[in-house]
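Engineer: There's a structure below that I have some questions on.
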Amino acid sequence: MESFDKFKIWVLFICLISELGHGFYLPGSYPHKYGVGDFLNVKVNSLTSIDTELPYSYYSLPFCKPDEGVKDSAENLGELLMGDRIENSPYRFKMYTNETEVFLCQTKPLSGEEFKLLKERIDEMYQVNLILDNLPAIRYTLKENYFLRWTGYPVGIKVQDAYYVFNHLKFTVLVHKFEETNVARVMGTGDGSEVISTAGNSGSDTPGYMVVGFEVVPCSFQHTPDSLKNLKMYNKLPSAIKCDPRTVSMAIKENEPVAFSYEVNFVESDIKWPSRWDAYLKMEGAKVHWFSILNSLMVITFLAGIVLVIFLRTVRRDLARYDELDKEAQAQMNEELSGWKLVVGDVFRAPSNPGLLCAMVGDGVQILGMGVVTIMFAALGFMSPASRGTLITGMLFFYMILGVAAGYASVRLWRTIFCGDHKGWVSVAWKAACFFPGIAFTILTILNFLLWGSHSTGAIPFSLFVVLILLWFCISVPLTLIGGYLGAKAPHIEYPVRTNQIPREIPPQKYPSWLLVLGAGTLPFGTLFIELFFIMSSLWMGRVYYVFGFLLIVMILLVVVCAEVSLVLTYMHLCVEDWKWWWKSFFASGSVAIYIFMYSINYLIFDLKSLSGPVSATLYLGYSFFMVLAIMFATGTVGFLSSFWFVHYLFSSVKLD
């Protein structure tokens, strides 16, 4: 009977796993079938510009509003932090139904303030971002016999002293015939879709289509006042509209209205639904990415050769000599020793500000773990751009969960420095929980005040501020304290040699040791500066970055280079009898952040020449400083841990009292 009950439990478990397997799907990965004549609703996102980096609400400009009123779409935490504000729009189509000369609305006469705001947005090159079935509108422009791809379209254009608005849109919707009628159907629209399995049903024989492309051509067309009389939204205009993007005619003037219209054409395409994002994610410059990786491999090989020389020729040789000598010979030899052998009684002496070092190493473990896990999931396709904000949301989630690792690493290092003493571990855990997040929160708060003052949608709402604080103190901090408790219970790492009571005097150096430490950051920077250009272009030029496979490889190479650089620098300092290696090993690899920040300033001056206004520049520098601070913590932690392992291994082999 008991075995039968166990059998039933196993059957139930297998059935449950099976159902979970059928119900599991990646966000945005299921097609939505539309029947002929079904309504397709276009959504609008924030207005964006690479000239200001300040997003604004679509309805901050005098555009047409839907009859049912403006409604926000469901947003996740990542979307809000990125400044996305997705709302409904009056643009709507019927599946596989071509329409032309569709009247949308005529605005009220433009007030002086609206007229001025429109001119500012046109001068600042703001783009309108439309979304259909989770696909951003894409625009193609011909330049020098090849097509350039852009997402969105400009609000308007300035020609001489006149300002023209793009008030007529020519849409092209690419559709692909729905081929499988028995797969799971998707109920609902947008990101909040629900999957309902139809396995076992015969399915519908009604032909359906999936949206696989969404293109837009903006035009500036002057409507005659007589053609707009007695027209309501979605009525057909009496006269034909010739949409020519090369000419403009709808000049905006104060106290005059603006009429908006559109047309839509459905085209059956060979593009299949799983490939519909290829147009957005088409990788540019694959050879450049491979060149970056080969360049990094050359740096790694060079440093690995130095490390092998240190281990095989220098360290091994010295240790072999110790093994061959008897005690009397060793005692006699001590008088003639030089280099790293002389600091055996000081090499594990506690560094200055040990609590700060432990907190920074703990935070570095947390940031590095978050980066590796996030990039791995993104490289596997779990954080598709079809689900906006997933990347930022995932980073926050992994960062909070890895608070356990931060607390554990910081407290265990604290106990190791003080030879197993438990005293003060709670304070160290609190520092790890609050040090980097506190700096990040301060930077983001200052920048957020600038965004609030500019009335930008990039500003974090006060309610979201409260949510972030609750996530910090209710999830991240407790997890860090739990990790600290585990670190306090774990055995500390025992030093292989005793530390003298009186510190040894460090002999005068021919050159400042910190100069060598700061210069060491050039090698890790050399492994990533090419990939850094693509990342910066994605962040500040509005391009989609999705080569996470390359980024994962570059990140692994960066970790290896940081470890090798710090190890070599630590050995060099010990050879000149400088036993204060703790902080120097951290900043030897962490100094790469200085060069990344310098590169960011260079990018601002030469690649973002059109970035206008002190607010935009301040935001750019603030976000760049936040980014390089996180990189410094992560790379510095890699360097410190590798150096700690090297020093422990080196002196554990020394047989001197």
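From the backbone N, Cα and C atoms, a Cβ is placed for every residue, glycine too.
Heads up, TrEMBL stuff is auto-annotated, nobody curated it.
Quantities reported herein were computed from a predicted structural model and do not represent experimental measurements.
According to TrEMBL, the protein carries these features:
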type	residues	note
SIGNAL	1-23	signal peptide
TRANSMEM	290-312	transmembrane segment
TRANSMEM	356-383	transmembrane segment
TRANSMEM	389-411	transmembrane segment
TRANSMEM	432-452	transmembrane segment
TRANSMEM	464-488	transmembrane segment
TRANSMEM	514-540	transmembrane segment
TRANSMEM	546-569	transmembrane segment
TRANSMEM	581-605	transmembrane segment
TRANSMEM	625-651	transmembrane segment
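Can you tell me where each of these features sits in the structure?
Structural biologist: Through the fold, the transmembrane segment (290-312) approaches residues 523, 526-528, 530-531, 550, 553-554, 557-558, 560-561, 564-565, 567-568, 571 of its own chain, all at least 6 residues removed from its boundaries and within a Cβ separation under 8 Å.
Counting residues 6+ beyond its ends, the transmembrane segment (432-452) has Cβ neighbours under 8 Å at 54, 356, 358-360, 362-363, 366-367, 403, 406-407, 409-411, 458-460, 465, 468-469, 472, 476-477, 480-481, 484, 615, 618-619, 622-623, 625-626, 629-630, 633 in the same chain.
Here the transmembrane segment (514-540) has Cβ contacts under 8 Å with residues 50, 53, 285, 288-289, 291-292, 295-296, 299-300, 303, 547, 550-551, 554, 557-558, 561-562, 565-566, 569, 572, 584, 587-596, 599-600, 603, 607-608, 620, 623, 635 of the same chain, all six or more residues outside its ends.
Outside the transmembrane segment (581-605) by six or more residues, the chain places 347, 351-352, 357, 360-361, 513-514, 517-522, 524-525, 529, 532-533, 536, 540, 561-563, 565-566, 569-570, 573-574, 611, 617, 620-621, 624-625, 627-629, 631-633, 635-640, 642-644, 647 with a CB less than 8 A from a CB of the stretch.
Long-range contacts of the transmembrane segment (625-651) within its own chain (CB-CB distance under 8 A, at least 6 residues past either end) are made by residues 315, 340, 344, 347-348, 357, 360-361, 363-365, 367-368, 371, 436, 439-440, 443-444, 493, 495-497, 524, 558-559, 562-567, 569-571, 574, 581-582, 585-594, 596-597, 600.
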Engineer: Run the contact check on the transmembrane segment (546-569) against the transmembrane segment (356-383): 3 or more C-beta pairs under 8 Å, excluding pairs closer than 6 in sequence.
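Structural biologist: Contact between the transmembrane segment (546-569) and the transmembrane segment (356-383): present.
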Engineer: In the same chain, who gets a Cβ under 8 Å from the transmembrane segment (464-488) while lying at least 6 residues past its ends?
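Structural biologist: Sequence-distant neighbours of the transmembrane segment (464-488): 77, 80-81, 362, 396, 399-401, 403-412, 414-415, 422, 425-426, 428-430, 432-434, 437, 441, 445, 448.
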